Amino acid sequence: MKLSEKDPADNKGSDLEKKKLDWSCSLIVASLVGALGSSFLYGYNLSVVNAPTPYIKAFYNETWERKHGHPIDSDTLTLLWSVTVSIFAIGGLAGTLLVKLMGKCLGRKYTLLVNNVFAVSAALLMACSLQAGALEMLIVGRFIMGVDGGIALSALPMYLSEISPKEIRGSLGQVTAIFICIGVFTGQLLGLPELLGKESTWPYLFGVIAVPAVVQLVTLPFLPESPRYLLFDKHDQAGAEKAFRTFLGKEDVSQEVEEVLAEGRVQRYIQLVPVLELLRTPSVRWQVLTVVITMACYQLCGLNAIWFYTNSIFGKAGIPPEKIPYITLSTGAIETLAAIFSGLVIERLGRRPLLIGGFGLMTVFFGILTVTLTLQDHAPWIPYLSIVCILAIIASFCSGPGGIPFILTGEFFQQSQRPAAFIVAGTVNWLSNFAVGLLFPFIQKSLGTYCFLVFAAVCFAGAVYLYFVLPETKNKTHAEISQAFAKRNKAYPPEEKTDSAVTDDKPNGKPGADSSSTLDNYVKNRIV
C-alpha cells in the first residue's frame, strides 16, 4: 500500500501562512504600544539630558547663588550634575525591586498601566522645575522617571515573551531594544536648538515624557492580559484561551493552551521562587551567572557613557560646537537602524552570534577610538575618524548586545522563576548604569583619552565568557534550554524532578489517563 506524499509547495504555503498568523494585528499593537510607554521613555531619558546640559547647569548655578549667596564651585556643580544623571539609575533599581510584587498582584498589563502614573508625575515635576526655581524638583523627577524605567524594563520583556509564539519570540523581544533606540534618537532630535534645545524651552523636553505615557494609558486597556499569567496565576482558562486567540489571530489555540497547562502540571507544587532561592538553585546556577554577566556588560560596555556625555566627547574630539547637535543626531539614527537590523535577522542568525560579534566589534572600535582621540591634534581628519568609531561602536552594540540580554532573561527561566530572574537582571542593570553615570566624568578626567580602554576590556571579557558558556536559544523551549545548561550545572532541570513527583503520587505509580498522558507526551516532546 502506497502512502500519499504531501506536495512541498503545500508545505511552503502552510509555513508562509503560519508566519503571517504569528504576527497578528493585536500582537503588533500590544508590542508597539507597550514599548512606546516603556522602553521608548527609558531611551528618551538616556539622551534628553545631553542637549540642555549648559542651560541646566546655569539653572543650578542661579538657584544655588540665590539660596546661598555665592556661586557654586566647579567640583560641586560636577557632582550635582552627575547625581542628576545617575539618580535615574537609583530610581531604576527601586522600580526593579517593585516589579515582582506588582506583577504578581496586578499582572503584566496592569503593571505597565499603573507605571504610567510615575511617568506623568515625573514629567510634571521636571517641566515645572525652572518656573518654580527648584533644582530639587528636577532631581526628584529624574528619580521617579528611573522608577518608571525600572518597572518598564522588567514588565515589558516579561509581557512580550509571554504573549508571543516561540517562532518569533526573538524578533518581538527586539521591539524593546528598537524603541530604546528610537527614544534616544527622539531625545536628540527634540534637543536641537531649532526645536526645544534652547534656554527658554528646555523644560518642555521633560514635559514631552507625558505624551507616550498617556497614549499607552488609553490604548493598552483594550488589549488582553498575558495568557500565561491568566492560566498560572488567575486560573482563568477561558480568559487565557480568549487572549491566545486575540494575540495569535486564530481560533484553534488548543495546542498553545495545552502546552501551558502541561507546564503548569509539571510545576503544580512549585511556588513563585524568591530571589535568594533562585540564586541557590543548582539547576539554574549558570543561567543566573550568564544573565548577571550579560547585563553587567550591557551597561558597563560604555554605551551609556556615550549617550549621557556625547556632546562633551565630541567637543574633546575637536568638533566645532555648532556641529555637535547634528552629529549627535546621527548616533541616534545609526543605533535605530542597527536595532531594526537585529530584529530582522535574530531568528535567522540566532542570539549567540549577534551577542559575541557585537561585543567583539565594540572591543576593536574602542581600541581604535582611543588611538584617534590621543592623536586628534596630528591631522585635521582624525576627529572625524573618532566620529566614525563612535558610530561603529553604537551600531555594534545595537545589533546585538542592546536588546538580547532582556530576551535571554525571559528565555532562561520557567514561569515561577521569571519574576525573581528579572529582579536579579534589573538590579545588576541599574547598579551598573548608576556606576557609569556617576563615575564616567571622573574617569574621563583622570584617564583622559585612555578612558575607553576600560570599556574595551569589559567588552572583551563579555565576548570571551559568552563564547564558552552561552548556548543558542533560538526556537527552543525552556526545557531544551535547561538541558543545554544541565551538563554545566551538574543538576537536572526542575521539570524532570517535579515530573517524577507528580507521577509517583498516583496509585501503583500509574498516572491518570487524561492529565498524565498529556504530561508524558509533553515531557517526551519537550525534554531531550
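Glycine too: its Cβ is placed from the backbone N, Cα and C atoms.
Straight from TrEMBL, the features:
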- 21-44: transmembrane segment (TRANSMEM)
- 31-474: domain 'Major facilitator superfamily (MFS) profile' (DOMAIN)
- 79-99: transmembrane segment (TRANSMEM)
- 111-133: transmembrane segment (TRANSMEM)
- 139-160: transmembrane segment (TRANSMEM)
- 172-190: transmembrane segment (TRANSMEM)
- 202-223: transmembrane segment (TRANSMEM)
- 288-309: transmembrane segment (TRANSMEM)
- 324-346: transmembrane segment (TRANSMEM)
- 353-375: transmembrane segment (TRANSMEM)
- 381-408: transmembrane segment (TRANSMEM)
- 420-441: transmembrane segment (TRANSMEM)
- 447-470: transmembrane segment (TRANSMEM)
- 488-528: region 'Disordered' (REGION)
- 493-508: compositional bias 'Basic and acidic residues' (COMPBIAS)
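Looking at 79-99, 202-223, 381-408, the range that has the most CB pairs within less than 8 A of the transmembrane segment (21-44) turns out to be 202-223. The transmembrane segment (447-470) is not in contact with the transmembrane segment (111-133), judged by fewer than 3 CB-CB distances under 8 Å for residue pairs 6 or more apart in sequence.
Where the transmembrane segment (139-160) meets the stretches 172-190, 202-223, 420-441, the count of C-beta pairs under 8 angstroms peaks at 420-441. Among the stretches 79-99, 202-223, 324-346, 420-441, the one making the largest number of Cβ pairs under 8 Å with the transmembrane segment (172-190) is 324-346. Counting residues 6+ beyond its ends, the transmembrane segment (420-441) has Cβ neighbours under 8 Å at 78, 81-83, 85-86, 88-90, 92-93, 95-97, 99-100, 146, 150, 153-154, 157-158, 272-275, 277-279, 287-288, 291-292, 295-296, 298-300, 302, 304-305, 308-309, 405-406, 409-410, 412-413, 451 in the same chain. Across the domain 'Major facilitator superfamily (MFS) profile' (31-474), mean pLDDT in this model comes to 82.
Proximity of distant same-chain residues to the transmembrane segment (79-99), defined by a Cβ-Cβ separation under 8 Å and at least 6 residues beyond the stretch ends, is recorded for 45, 49, 53, 56-57, 60, 72, 111, 118, 135, 138-139, 142-155, 308, 419, 422-423, 426-427, 429-431, 433-434, 436-438, 441-442.
Of the candidate ranges 202-223, 353-375, 381-408, 381-408 contributes the most Cβ pairs within a distance under 8 Å of the transmembrane segment (324-346). Remote same-chain partners of the transmembrane segment (353-375), defined as residues 6 or more beyond its termini with a Cβ less than 8 Å from a stretch Cβ, comprise 294, 297, 301-302, 316-317, 342, 345-346, 382-383, 385-386, 389-390, 392-393, 396-397, 399-402, 404, 449-450, 452-453, 455-456, 459-460, 462-463, 466-467, 470.
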